[in-house]
């Protein structure tokens, strides 16, 4: 690991890259030289910049691991987007957050189902009581003395002048 930050090691890597690039240039049929050179340059820069940064970040704080992890995931997702892929790499923390959100939603729905089930049970009990109250019971003798309509009944003989007071009479109107 100490070789990564060493100047001589860096120069030897640059020299080997230059030798590789010069051998590619000598081939006249090489049409993708600029693309290969830019990719190699980016990879070398990432290699040289990320290793010492990771060392320093890991030594200074404990949360730097998460920061580096998110940086690496972002870089990988960028490469995937450049390559045309729609899929993305996710970290374990993001998956855990999504799982927590799903579990919360499931708990909320279970509580709602529990409340609805309790209400339905109460409604069934209420309907049973109403049904029990509506069931007709057979009675042998009906006592009509307690009926309101039966107290003031008069027969035709008991009416004054023997005439039904509820029958309409003829009315003469002047014009």
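Any Cβ shown, glycine's included, is placed from N, Cα and C.
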Checking 6-28, 29-51 against Swiss-Prot, the stretch recorded as transmembrane segment is 29-51
For residue 120 (Ca(2+) binding site), the nonlocal same-chain Cβ neighbours (under 8 Å, six or more residues apart) come out as none
For residue 18 (N-linked glycosylation site) and residue 123 (Ca(2+) binding site), the CA-to-CA distance in whole Å is 84
